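TrEMBL has this to say about the protein:
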type     : residues : note
SIGNAL   : 1-26     : signal peptide
TRANSMEM : 232-254  : transmembrane segment
TRANSMEM : 294-322  : transmembrane segment
TRANSMEM : 334-352  : transmembrane segment
TRANSMEM : 364-391  : transmembrane segment
TRANSMEM : 397-425  : transmembrane segment
TRANSMEM : 446-468  : transmembrane segment
TRANSMEM : 488-512  : transmembrane segment
TRANSMEM : 524-543  : transmembrane segment
TRANSMEM : 555-576  : transmembrane segment
Amino acid sequence: MSKMEALKLSLIIISLLLTSLRSIASSPDNHRYNVGDHVPLFVNKVGPLNNPSETYQYYELPFCGPDPVVQKKESLGEVLSGDRLTSALYKLNFRENKVAETLCHKKLEGDDVAKFRDAVINDFYFQMYYDDLPFWGFVGKIEEDSWTLEKKSLKYFLFKHVQFDVLYNGNQIIEVHAIGDPNQVVDITEDVGVDVQFTYSVVWNTTSAAFDTRMDRYSRASSLPIHLKIHWFSFINSVITIMLLIGLLTLLFMRRLRNDLRIRFSTGDEEDDKEVGWKYIHGDVFRYPRNKSLFCAVMGVGTQLLTLVCSLFVLVCLGILYPYNRGTLCTALVILYSLTSGVAGYTTASFHCQFAETGWERSVLLAGIMYAGPLFVIGSILNVVAVSYGATVALPFGTIMVIILLYAFLTIPLLVLGGVIGYLFRSEFQSPCATKRYPREIPPLPWYRDTPCQMFLGGFLPFSAIVLELQHLYASLWGYRIFTLPSILFIMFIILILITAILSVGLTYIQLSVEDHQWWWRSVFCGGSTAIFMFAYCIYFYTRSSTSGLLQFSFVFGYNACMCYAFFLMLGTVGFRSSLMFVRYIYRAVKSE
């Protein structure tokens, strides 16, 4: 082999190696592309702007589509989120500009024109995904044709040309927009067939924005600085609330409670006992509550949901889970709920066995259906409503079977296993004071010391600390804002737990001071009462929005009821656990005297 041939062969080998290395380094999996590479684009859904839950498959409207239409294989979370990604005729290769590229020629019949006109009247948008970036555009526009003395004449137009504006940084895509050209439209005011040539253009521009921050723009309604300023205001407001509550609680311990503990506790008979207040009911304060099985189930499910939420936040903060990715959050919720069911079984059984060694199976059974039961009933009703509308939020039969099988073969076995472990490692209830045989009669109390008033106080203060973050959360759940600041949300969740615990301790002390020993269930109700204010705020949020229709109404209130119910169980568990620690502490201190 001559030197020239050897040189040519070496160049070919080097070029092949470089090509293979480029192909390995550039792919949709790592979101890196070379010029001319195919970038995945999927059409998703269409729906009215004011009703985010009312979405339909993209080709429910007679757009240009491939033959056959190929639906992307979706995860469980994507299906639960109502995503139905399918193939499209648009070709947006990396950094390739296109001008007036023909998508298709289509003959719109009278029925097709009517569908498009109804979509324009209801302010329909379409959603697509390009390199896993969601973007939206409108189907058409409405213009005022003329004015008369009797009525206003309107004309409806369909956009037949879409311009895609894409921003890139190096070999990565940062941002994408779809804009309907208002100068290239088709009049669809009348139900008359029309020939339409659909076209599109692609414009690429460079940007200095980093790839890691490309999701930030979805988190703001107007501008990011204002958004962050609101977050900081909410954070400072919550911190001030905590400081005030800690100050009040410190005052309680340093003055009132310390003075109570100075007085020696009498050990004589009840007739000779001159003490009043919380010391006077030492023989009743650790009396087991009514409906023990239900109470234990509440503790188990509340602990499970608290573990689930904390696990989600930890995964997000560690970068393992990205909540703004398509369907990821829903998938994580379903899987983590099943995995944490063992926590519910163990907590329920172990807590029940502190009161009695038998009957723990009933408590575990209640824990298995306490949250999953209402969620299944509400979900079934909402699915029937969604099916009647033909919306994408309706779950297909296969997805329903997957959820049922997951619950039957993973959730229930882990729940039972946790219950058995809790029974095997049971322990007695640690009570500093012996419980008397007959309960002491509770003296009459004024109305402001009753449970509803305490629930109002115990729920309003934590709610006032999180209301601004709750606004952002609801805008993300029932609007188009994508929440990309989960770390701040995690901090607010911790603050919510701290405020709930502090208030529960204070309210329990006030209740015991007036010789009311039935604090077990009341600490649960006072701790979980924040969820009632959260649901009330949902009603306010819905009335202030532009949403309408049975589908949107059902989904907003149905799923928000499930979410608030979960918060009631979580915060109720926090309220009782903190109150139990406090009660044990003060009565142990009294006994030690």
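Cβ atoms here come from the backbone N, Cα and C positions, even for glycine.
Unlike curated records, TrEMBL annotations are generated automatically.
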Any contact, the transmembrane segment (446-468) to the transmembrane segment (524-543), with at least 3 Cβ pairs under 8 A: yes
For the transmembrane segment (334-352), distant same-chain residues with Cβ under 8 A (at least six beyond the ends): 76-77, 80, 292-293, 296-297, 299-301, 303-305, 307-308, 311-312, 359-360, 363-364, 366-368, 403, 406-407, 410-412, 414-423, 425-427
Region pair the transmembrane segment (488-512) / the transmembrane segment (397-425), three or more CB pairs under 8 Å: no
Cβ contacts under 8 Å made by the transmembrane segment (294-322) with residues that lie 6+ beyond its boundaries: 328-329, 332-333, 336-337, 340-341, 343-349, 351-352, 355, 360, 363-364, 366-367, 370-371, 486-487, 489-490, 493, 520-521, 524, 566, 569-574, 576
